[in-house]
Amino acid sequence: SNCEEMVLNVQFSPLTPPSGFSSYNGGEMNGTSKMMDFLEEPLPGVGTYEDFNTIDWVREKSRDRDRHREITSRSKESTWALIHSVSDAFSGWLLMLFIGLLAGSLAGLIDISAHWMTDLKEGVCLAGFWFNHEHCCWKSNTTFTDRDKCPEWKSWSQLIIGHGEGAFAYILNYLMYVIWALLFSLLAVLLVKGFAPYACGSGIPEIKTILSGFIIRGYLGKWTLIIKTITLVLAVSSGLSLGKEGPLVHVACCCGNILCHLFTKYRKNEAKRREVLSAAAAAGVSVAFGAPIGGVLFSLEEVSYYFPLKTLWRSFFAALVAAFTLRSINPFGNSRLVLFYVEFHMPWHLLELVPFILLGIFGGLWGAFFIRSNIAWCRRRKTTKLGKYPVLEVFVVTAITAILAFPNEYTRMSTSELISELFNDCGILDSSKLCEYVNDFNSTKGDDLPDRAAGPGVYTAMWQLALALIMKVFITIFTFGMKVPSGLFIPSMLAFYHHDWVIFSGWCSQGADCITPGLYAMVGAAACLGGVTRMTVSLVVIMFELTGGLEYIVPLMAAAMTSKWMADAIGREGIYDAHIRLNGYPFLEAKEEFSHKTLAMDVMRPRRNDPPLTVITQDSMTVEDVETIINETTYSGYPVVVSRESQRLVGFVLRRDLIISIENARKKQDGIVSTSIIYFTDHSPPLPPSFPSMLKLRSILDLSPFTVTDQTPMEIVVDIFRKLGLRQCLVTHNGKLLGIITKKDVLKHIAQLANQDPDSILFN
């Protein structure tokens, strides 16, 4: 058995498998013995890949090295060749600039639109319907405490019945909120279903798979970009318990993939294109969180499969350009270079590491619970009739979310607004209920606040936040993975301290703050996000860039590491890896270790009692023989041997290259018929004049396929597949070809050893 490849069945858009090789009409014999070597000039399609196939990293890198050597050698011949060489070297940086500009512009558009449409659920601005609530009240003459109640902004009850007080007005506003939420979410799911099925979900699991070398055509295409941008605004505005972080990474990668077509260097090389996509992913995180450095580290730690040093610097450049572009487009919104800037005046104390670690434990438990519950729900969605009704599912989840969210102001407000309120420490001018303390202005000096008793608003806010936490925990399980763009928001917590407790007596002076509540919210957010995604260093840097709190890196790291350890103790997979396995994507996780004592001969095919390995001989098979093999098998490639008797390996040829080469030879070359002999050698023996023309295909033969012996430990084989990005590896014994190991075989073997169903690796 040979290199069997995978086909993905995507809901909403049934995909036909790669077409087989059709039969051909024979041509006339011309009686010449000339060997046709029509592949001296490259053929369109040769060296490319079918949809849902794995790329050959080694071949792609080799082709790029050859291209680079040719350009370098020609640069010494003429001035024009030198200019071409310089432009080729500079094209990568120019592409990063374009990606940063486009990703930042789209993120700014998404951010501005989402804020306006979120506020549209509650009312409209009379000064201009395109203003959101905050912008509408900027020029108002209202007092500072009533700055959110300006006359220019009207709730729906004020517009419809003329006043906003009373039970009927509340019910009317409630009803309008639910109607707008349902309208936004239904429009989002219908657009996804009708125009771009790939636009749903987070996108990060698929991007990780694509960056590992898998081809999913259309996933990063222009239609996916357009629909994902529109529906992301709609999904966030509907009030569903989701964020735009993951989808923004998908949007940025779509930008990178589309812009790659402007440069031949990246358009024709899949490995080089993946370098660009790694940088685009960094730009996506940068615009999602306002964290350029964190975006680069996220791409390196969580997403990328191949990340050379030059990609590191180009990723940082793209992330910076994207962040500054976003800030230029939306300078007054929440999405800035520092998204939720905080200014905590009190240092943290060593004893506070205990509650920080407890927050990490809670975040790890929450992450493990969320992953298991969400995967169980998604599996149920795929295996039952529920998956056949995605529109109904979105309708029901949106209705439940809107009905539960409206009565609680902390679930009604947007996620970014809620996080900003929780992160910030209370000041004198804050009008939030979280800052409603009994004022004693006689003892106030400057911006320093004395010890103050909590007012009724603080206690009301505490139980409202507790209800918001419970709702968010459970509703997010059912929201993430629906057929709308859905990312993970940042769960956050609020701390309320008791300064008169004994444990605080060691560092609390009279009238001073013992702890900073906003810091606990920030650490809690990192712990929860870390428990779900298993990010560590990149998460800490993102949180630092989010808030600007450099001195709080140690608490953040303590919570992030504790969260990861706790979640890993329950289950090793993060949410993205779990969805990769759920969908059966061909992804070899580089972080996992293979410690089993199996050999290559235990995994290779054919196994005992299997038919012999399908091979092509180098100089004794006709066109008809090769066509028969192609028609009767579905393998993506075939080993080429000296003869069936010797089984001595010559090379490896891809199915797609064979099909394209034979098709073109039949159409464009005289004398190529079914009885023409195919040669994979440099020279051919002389044939009688009555014999038909021979077809030489040595140029499409991989003369250096990777091979291992049958006694090679699988630990080494798995390492080779991971680090070299192989799609298949041939197995030999004393130089004789025995079998083949494909990426699918490795994944099935790992699943079997982990007591999982190996047939779940179906890539469907």
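Placement of Cβ uses the backbone N, Cα and C atoms for every residue, glycine included.
Taking TrEMBL as the reference, the stretch among 248-264, 316-332, 537-553 described by the feature transmembrane segment is residues 248-264.
Most Cβ pairs under 8 Å to the transmembrane segment (90-110), among the stretches 174-199, 248-264, 276-300, 350-369, 461-482, belong to 248-264.
The stretch with the most CB contacts under 8 Å to the transmembrane segment (461-482), chosen from 174-199, 220-242, 350-369, 389-406, is 389-406. Contact between the transmembrane segment (220-242) and the transmembrane segment (389-406) is supported: at least 3 Cβ pairs lie under 8 Å, counting only residues 6 or more apart in sequence. For the domain 'CBS' (604-668), the mean pLDDT of the prediction comes to 91.
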